[in-house]
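As recorded in Swiss-Prot, the features of this protein are as follows:
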BINDING   THR13, ARG83, GLU84, TYR135, ASP244  sn-glycerol 3-phosphate binding site
BINDING   THR13, THR14, SER15, THR266, GLY309, GLY410  ATP binding site
BINDING   THR13, ARG17, THR266, GLY309, GLY410, ASN414  ADP binding site
BINDING   ARG83, GLU84, TYR135, ASP244, GLN245  glycerol binding site
Amino acid sequence: MTDQYVLALDQGTTSSRAILFNRSGDIVSLAQKEFRQIYPQPGWVEHDPQEIWGGQVGVAAEAVAKAGIDGRSIAAIGITNQRETTIVWDRETGQPVYNAIVWQDRRTAEFCDELKARGLGELIRSKTGLLVDAYFSGSKIKWILDNVPGARDRAREGKLAFGTVDSWLIWNFTHGKVHVTDVSNASRTMLYNIHTLQWDAELLDIMGIPASMLPEVKSSSEVYGHTHAAHLGVEIPIAGVAGDQQAALFGQQCTTPGMVKNTYGTGCFMMLNTGDKPIESSNNLLTTIAWKVDGKVQYALEGSIFIGGAVVKWLRDGLGIIRHSADVGPLAQEVKNSDGVYLVPAFAGLGAPHWNASARGTIVGATLGTKAAHIARAALDSIAYQTRDVLKAMEADAGMSIAELRVDGGATVNELLMQFQSDILAVDVVRPKITETTALGAAYLAGLAVGYWKSVDDIQGQWQLDRRFQPAMAADEVLANVKGWQRAVNAAKVWADDQA
């Protein structure tokens, strides 16, 4: 094949990015553009779908130009995206009927509480693997139909289309010819049955959503359509799609059951490949579809931590004990350990596996001898402890012990955190050379579909180790530390209980 590159489009929550990869999985060029966050009122978060589209097509062209090539040198395009974010548009004009309602948006929380009060939580969970929450797309679509004048009637008449961000980009790249999504994105809507692999008529009825709005659900690695030549000069196959966390799991080459990755960003997202069968969680984790490749569906367990790297931002902007985020490592290293201080960063409640919305940020164990360095150390430690809580829940649900944790995301550059993570888990923590794993996953999915890479085995050998962190802490010390953390988490929960 004369084509030399695969273009990955990574449409995130705050920026649109395009990364060009070569056959070795190396980055050839990268372009990025941030876009506006729209906050109409407290708890509401929106994006402008046209700004997302314009920015994404712009960075795609920029990445290609930076590499000194043209569209003819691109074998395929892969798309990965912020999940759950909801767009509804007019099929005739292609114009959105409302802004994109972002995954973080909480406006439909009351409706979700009603669903739970009606006893529908278990039904929805059994079909979708998800907890009933405003986080997912279903209630957001309902809100648009209920609140945009005429939208419900137009939807009934088949005039409106719904899509997550991947669908919206593909629709625009193909000039309205293709309306599809992949199984990983569909599994985040609260409308898709992860067992039958179909949109669920009963759930659509509960939400009041006409089936005619929905995209066709495809695998994560196949040719969905071709870009219109107006965009990159030639028609290029769009051949890979996965939600961002699933794409990162694939990019980390966690393709066999029992492999797990954690992405350390503002929050943390951990995913465990559970193979060809969905595992229902008994520990408040989400059951979701990882991907469908070569006709085979693989499932995953997922746990979300609300405050990961954001705790460092709080040390900087809230407490003012560091001037730059990068200062946290050197400050924390001034002390041997946190000296019994624990920081539970429940600033927005606690995520998996606790799911306690009322818990609040808590510092325990402080004395007159506690210094800024101890607080910094406790803040970093909290990221590792929360990760341990999720991993232990995953091990319990899956009935397996994890051999190693593959890591990616901004906070993985912090050696102190990575070593403590390994210590507290008592497993190896493994950091790859290329940490752009989300975009790489999308590139792999697209490249596999067009034969750029021959097979999953073909790309397995590309994963390169940057550093392996191995446990060095004595077992009794680990036990004491974990016990202290659990007491601190209980303190954060008790504080919430006493407020009730």
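In case you wondered, yes, glycine gets a Cβ from its N, Cα and C as well.
The structure, with features from Swiss-Prot marked on it.
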| residue | record | Cβ contacts under 8 Å, 6 or more apart |
| --- | --- | --- |
| THR13 | sn-glycerol 3-phosphate binding site | GLN82, THR85, VAL102, TRP103, GLN104 |
| THR14 | ATP binding site | GLU34, PHE35, GLN37 |
| SER15 | ATP binding site | GLN32, LYS33, GLU34, PHE35, GLY55 |
| ARG17 | ADP binding site | LEU9, ASP10, GLN11, LEU30, ALA31, GLN32, LYS33, VAL59, ALA439 |
| GLU84 | sn-glycerol 3-phosphate binding site | TRP103, TYR135, PHE136, SER137, LYS140, THR164, ARG188, THR189 |
| ASP244 | sn-glycerol 3-phosphate binding site | ASP10, GLY12, THR80, ASN81, GLN82, ARG83, THR438 |
| THR266 | ATP binding site | ILE307, GLY308, GLY309, ALA310, LYS313 |
| GLY410 | ATP binding site | TYR264, GLY265, GLY309 |
| ASN414 | ADP binding site | VAL328, GLY329, LEU380 |
Using a Cβ-Cβ cut-off under 8 angstroms and a sequence gap of six or more, which residues of the chain neighbour GLN245 (glycerol binding site)?
ARG83, THR263, PHE269, MET271, GLU302, THR438
Using the recorded ATP site (THR13, THR14, SER15, THR266, GLY309, GLY410) as reference, state which further residues of the same chain have their Cβ within 8 Å of the centre of those residues' Cβ atoms, listed in sequence order.
GLY12, GLY265
So, three-state DSSP: helix, strand or coil for GLY410 (ATP binding site)?
helix
What kind of secondary structure is THR14 (ATP binding site) part of, going by DSSP in three states?
coil
Express in Å, rounded to the nearest integer, the largest CA to CA distance found among the ATP-binding residues THR13, THR14, SER15, THR266, GLY309, GLY410 named in the record.
18
Return the residue, from the listed binding-site residues ARG83, TYR135, GLY309, with the maximum count of other C-beta atoms within 10 angstroms of its C-beta.
ARG83
Could you name the residues, excluding ARG83, GLU84, TYR135, ASP244, GLN245, of the same chain that surround the glycerol site, i.e. Cβ within 8 Å of the Cβ centre of those residues, in sequence order?
GLN82, THR85, TRP103, ARG188, GLY243
